[in-house]
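**Q** Here it is, the structure, as structure tokens.
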Amino acid sequence: MYQQQGGDNFGTYREGDGHDGYGYRADYPPQEEDAASDVTEGHDEEDQMYEGEYQGIPHPDEVKAAQRAARAKGQAARDAVSELEELSEQYEDIMEDCGHGKFQWTLFMVLGLALMADGVECYVVAFVLPSAEKDLCLSNAEKGMLGLIVFVSMMVGAFLWGGLADKVGRRRCLTVALAINCVFAFLSSFAQSYGFFLFFRLLSGIGIGGTVPIVYSYFSEFLQMDKRGEHLSWLCMFWMIGGIYASFTAWGIIPRYGWGFSMGTEFQFHSWRVFVLVAALPAITSLVGLSFMPESPRFLLENAKHDEAWMILKQVHDTNWRAKGQPEKVFTVTHIKAPKTAEDEFIEIQSATGTAVQRWAVRSLTLCRQVLRNVASLLSAELRFVTLLMAIIWFCMAFSYYGLSVWFPDMIKHLQYEEYRSKVKLFHNEKMLCAMVSLFSVDLWEEKFINCKMENTTFEHNKHSCYLDTVEENDVLIYLVSFLGSLAVLPGNIISALFMEKIGRVKIIGGSMLISAGCTFFLFLSFSQSAIIALQCLFCGVSVAAWNGIEVVTVELYPTSKRATAFGVLNALCKLAAVLGSTVFTSFVGITKIVPILLSFTALMCGGLLALKLPDTQEKILQ
């Protein structure tokens, strides 16, 4: 039994009533409020409030204490994070201090021109084929190979340059890739044989194939988190501008066949070759502008190049604040975390010995191993699910988009042919009297008159088989369809850019792909050329939002050391899907519309539903 005595002193502890016990008195000063003895543990007032927490009634002071403890714990966790995670957080803080301004907009224009060049490349061969097939005497198989080589070369280029950009540098790889494209595009315009033209376009495509994975990775590393989604979406608009530029210049140059010159019979330079030169102008302009741009500081820090990265970040900071009228604002960063990797040390050790050829061989071999190891790491335990999910989404989107993009103009040509056949009149066992035949008619060839007896008739043609007339025999409808299809992308680009941060990447990708799948069912109503053109514009305008979201998410899902590699692999898969889609869809032109429509609907539905499973990267710091 415990009895409390008067005052603040402890009382007497007795065991039982009337039994001998021991007396305990302590004349100690009063204890602190939150102190407790071992004897009374579990019975003081604060411990009773602690028990109340289990009933859902926390004390306000305890909430504040918990918040302070959480912050302390977070600080302790930040102290224990890896070097790369610490670098990511510090880099994001630095980019916020640098702000978004003149430097980013200048880089935006330079990289936009590179992306525009990629868009132009997809149209060049398609636009020149009607003229090149006559100038180079191309068979149907050779024309098909030219169309195929565009996507195959871009597929190789995306894989190659994407992997190298993570090891050599974004700016350096993009410069070399654009230079290769410019040189071989220029040479292809002068090629007088099919073999040389095919070879030069192959190398030109390998060069331009690296622009998409490098451009998005490069630009994203100069953007702060709250600006990333919107400005990457604006950058996507340049691909559409490339399609408009190609359609407009082809429309204005190629049909005017009088533009050109010849040197005997061995060298011909007609208007379609002029168009090939003009199509290379965006790549040339971007290449010149890129010479004034720095390397990505995020890449330099990843490769332990602290001083170079610091100078570039200071340049970004000073350029932006000077343009905003605050030149006195000082770049206060003095130290940036820069981890040293074992791969760099390996190259340095090996390159310090041997001849120049041996050093080059060691560097090249080591670089190839690093790139392949980086590609294999995309299927590691931490990235496997994301990589497979993104691969399916990229494939489904590309298969439908590029398949329908080729199917639309082919269907228009088919309808034109059906209309022509409906107006053709066949004569059998009839006698005809022709007073005059137009010299420019291409339908009245002598071999078209089967089992006919010709009297007082003369057929005059300057050339047989491979011929070129001076009239505008190129169908301008192909340019008009491509121009309208590219222009229809503009509203979708604007909407996706404005709402990328508000709605979220995942909802934009999934919603746009599902809406695009619904649009494909309207293709059952495409019985005229105007209906097909309208449906093409609708499909392109809706699907571009999905493309923008896919490219933004791809950048944000992967760390800096694997970003361009992952983008290159996925973009290469996109080009493979484009080849399959265009081949499958065109094989059903004139046979049935049901199979292409169902294939595109199924692919878009699957991709859209899987996109909803993607992780949200909107508030994610670039790793």
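Residue numbering: from 1, along the chain as shown.
Glycine residues also receive a Cβ, built from the backbone N, Cα and C atoms like all the rest.
What TrEMBL lists as region 'Disordered' is 1-46. Taken from TrEMBL, the feature transmembrane segment covers 105-132, 144-161, 173-191, 197-219, 231-254, 274-293, 383-404, 477-499, 506-525, 531-553, 565-588, 594-612. What TrEMBL records for 107-618 is domain 'Major facilitator superfamily (MFS) profile'.
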**Q** Which residues of the same chain, at least 6 past either end of the transmembrane segment (477-499), have a Cβ under 8 Å from a Cβ in it?
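**A** Residues packing against the transmembrane segment (477-499) from afar: 123, 126-127, 130, 230, 233-234, 236-237, 240-244, 246-248, 250-251, 405, 408-409, 412, 416, 508, 512, 529, 533, 536-538, 540-545, 548-549.
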**Q** Report, as numbers and ranges, every residue of the chain located at least six residues beyond the transmembrane segment (506-525) whose Cβ falls under 8 Å of a Cβ in that stretch; write 'none' if there are none.
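**A** 393, 396-397, 400, 404, 492, 496, 499-500, 531, 535, 538-539, 542-543, 545-546, 548-550, 553, 593, 596-597, 600-601, 604-605, 607-609, 611-612, 614-616.
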**Q** What stretch of 105-132, 173-191, 231-254, 565-588 shows the most Cβ pairs under 8 Å to the transmembrane segment (531-553)?
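**A** Per the Cβ count, the answer is 231-254.
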**Q** Please work out which recorded stretch in 105-132, 144-161, 173-191, 231-254 has the most C-beta pairs separated by under 8 angstroms from the transmembrane segment (565-588)?
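**A** When the Cβ pairs under 8 Å are tallied, 144-161 comes out ahead.
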